[in-house]
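Asks: So Swiss-Prot has the following annotated:
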DISULFID  235-237  disulfide bond
DISULFID  268-271  disulfide bond
């Protein structure tokens, strides 16, 4: 039986290091549903989902985070959207040239990872890092190194569990030096914990209870585990958003679409939901829009 998707935070009591563990298997499967992604693209989406969930958990405010991969290779775009409530969705755009076993470089070509953090209150932040690493894990580590934040490492595991897509991961982050823990002590312990965490296997993360995982990795450490936070697939599409988009189109374009198909069928690329608009629907939307302007 698969584990429920959740984020678990933990703290090493005798050192200035914190951690996160996420399981995103059900969310990952929901993102893949209704799409026909080649296997390498599926893995890419899974890795980025795990990474985004871990990044989202580092936010200390209400807001959204978007992690995008953009490149000039067969895979042009991969996007995961998340928020502080761990509601996630994602999509990829690709050509037919994605070959089995393709590496990140072979799929994305020359590209960038763009991380956009949008608080509900306050200014938006955007960080950009070149896709120089061989894996998403390496690219995220590069992002933290370049942004001069606290020492941080991520550990991403995706694959199959019972024949279905599965994903999970961990994050370690050193906390600022204090009277109790010097910077040198923290750096030394952080390196030790990093080496221990590297040994975690995908199947262990996919199947074992969080307490069991922490015990296996850090049985000589004093670890405090906090209550888990659910993670779930959640799409923000709606009929209202589609209506708002239709209002921005010219009347000629809308009339042309109606003449061609007799209706306008708008499909969400994230979840596959369809929103159908007839000529009568369009007229009502235009009337409403016109009345709101006066």
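Glycine too: its Cβ is placed from the backbone N, Cα and C atoms.
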Asks: Let's check the environment of residue 268 (disulfide bond): how many other CB atoms sit within 10 Å of its CB?
Replies: 18
Asks: Rounded to the nearest Å, what's the C-alpha distance separating residue 271 (disulfide bond) and residue 235 (disulfide bond)? Just drop the number here, would you?
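Replies: Computed Cα spacing between residue 271 (disulfide bond) and residue 235 (disulfide bond) is 7 Å.
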Asks: So for residue 235 (disulfide bond), how many other CB atoms are inside 10 Å of its CB?
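Replies: Residue 235 (disulfide bond): 18 neighbouring Cβ atoms within 10 Å.
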Asks: Same chain only, sequence gap of 6 or more: which residues have a CB within under 8 Å of the CB of residue 237 (disulfide bond)?
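Replies: In sequence order, 268, 270, 271, 273, 275 meet the Cβ cut-off.
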Asks: Run through the Cβ atoms and count how many others sit within 10 Å of the one on residue 271 (disulfide bond).
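Replies: Within a 10 Å radius of the Cβ of residue 271 (disulfide bond) lie 18 other Cβ atoms.
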